[in-house]
Ligand SMILES: Nc1ncnc2c1ncn2[C@@H]1O[C@H](COP(=O)(O)OP(=O)(O)OP(=O)(O)O)[C@@H](O)[C@H]1O
Ligand SMILES: NC(=[NH2+])NCCC[C@H](N)C(=O)O
């Protein structure tokens, strides 16, 4: 064997060992995580890593390959750190994190408009300092507010770590929910009644001449009963959820017939291309990252869609399911119809979580209730140049404006994403209808400006 070949053999062995260590360390960390002994895990893995390294002679032979080997080890170390940061914290550590987060949030003079900032008072913090949700999840307040205390520019700033979080930390969540959805005056016990899809035929094509609307989309979120939300999901649960949703989706028929693609099997280039075509979610939203949304990526994540790409299910993004209906035109009626059929079918085989007060339950309080966001990508060049007028109309019509790259993106070339802002306290039908009315009003305003008026 030539010395190069021999080096390669050694190097392969070395990498194999690194692979073994990698797998082993992950398993170990998880085991120790259960027992709340992170340091033992790290020590054990490091010791194992040393024992498994090639001896000195072998090391000499692989010197030229050491850079690669080091990268492998660095990746392993990084993985260890990543896992370590997820390991269960002591109540004292949690209290310290909460104090620090509260301090930095309340002392920030520049970014102070989040709902978290508005409702996280000293009293609320003290009351929940040592509280956790029910086992086995045992989420603490920090699991819910970590994103908002890190990103002071959040509009909301909280995510429920499990369904129980809404009840256990109610003095924080309830006012946030009622404020966001315009229900501050509503004292009733039930803020969201049963699903009510209404008369689907009343929803129409909003732009039959295809002058303004490029596409329409309605999505709802669902979470499976009995599982925590993304901040506390374990790797095994990600896989279980994916399996359940996949099974239910693959049983759909007619126009909804499609295939499931697990994220790990979608090439990165293809993923990027699907994101650019607005059909796939992206990884990396900073608010979600801090809340723990991308742990164990790409495990359990994926997408189901029909060949026409008009019916899609996102699996294990922000919620366990995002059920989506789309069309490359303004036919909101067609989109709504398909969504209703899809969710009705899925409900037959999946048990979705509901809250007695808030209805369909989601990780983010802004999505509770109907969980429905109906949107159009619309070109309104004249109105978009009149920013104040557009903003005032959106406010009046309860609409939200985003860029077409998704949430937290900017409007480009007069094309924007306009959707209903509220999701709770109204029926599904009322919200889609209100988006319909809002879009009709915006198109009329655009036409008025086109005709030389509308600048009052
Ligand atoms: N009407 C639409 N036509 C085509 N694509 C759309 C439409 N509305 C949204 N999208 C696309 O869907 C993707 C996800 O959008 P975005 O993240 O803003 O909202 P979402 O999926 O409703 O969830 P969330 O509100 O939780 O962020 C993006 O690629 C966005 O461009
Ligand atoms: N995808 C969402 N849930 N968006 C709404 C809120 C996003 C972010 N946490 C904020 O507070 O600004």
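Yeah, the Cβs are placed from backbone N, Cα and C, and that goes for glycine too.
Taking all protein chains in view, 15 other C-beta atoms sit within 10 angstroms of the C-beta of residue 405 (ATP binding site). The annotation ATP binding site is assigned in TrEMBL to 215-219, 278, 322, 373-377, 402-407.
Per TrEMBL, the feature coiled coil maps to 59-100.
Look at TrEMBL and you will find 97-182 tagged as domain 'Phosphagen kinase N-terminal'. For the domain 'Phosphagen kinase N-terminal' (97-182), the DSSP-based tally of helix, strand and coil residues reads 48 helix, 2 strand, 36 coil.
Averaged across the domain 'Phosphagen kinase C-terminal' (212-449), pLDDT in this predicted model comes to 96. The domain 'Phosphagen kinase C-terminal' feature in TrEMBL is assigned to 212-449.
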Filtered by Cβ under 8 Å and at least 6 apart in sequence, the residues in the chain of residue 375 (ATP binding site) near it are 216, 217, 218, 402, 417, 418, 419, 435
Within 10 angstroms of the C-beta of residue 322 (ATP binding site), what count of other C-beta atoms is obtained when all protein chains are considered? 22
Most Cβ neighbours within 10 Å: which of the binding-site residues 215, 218, 402 is it? 218
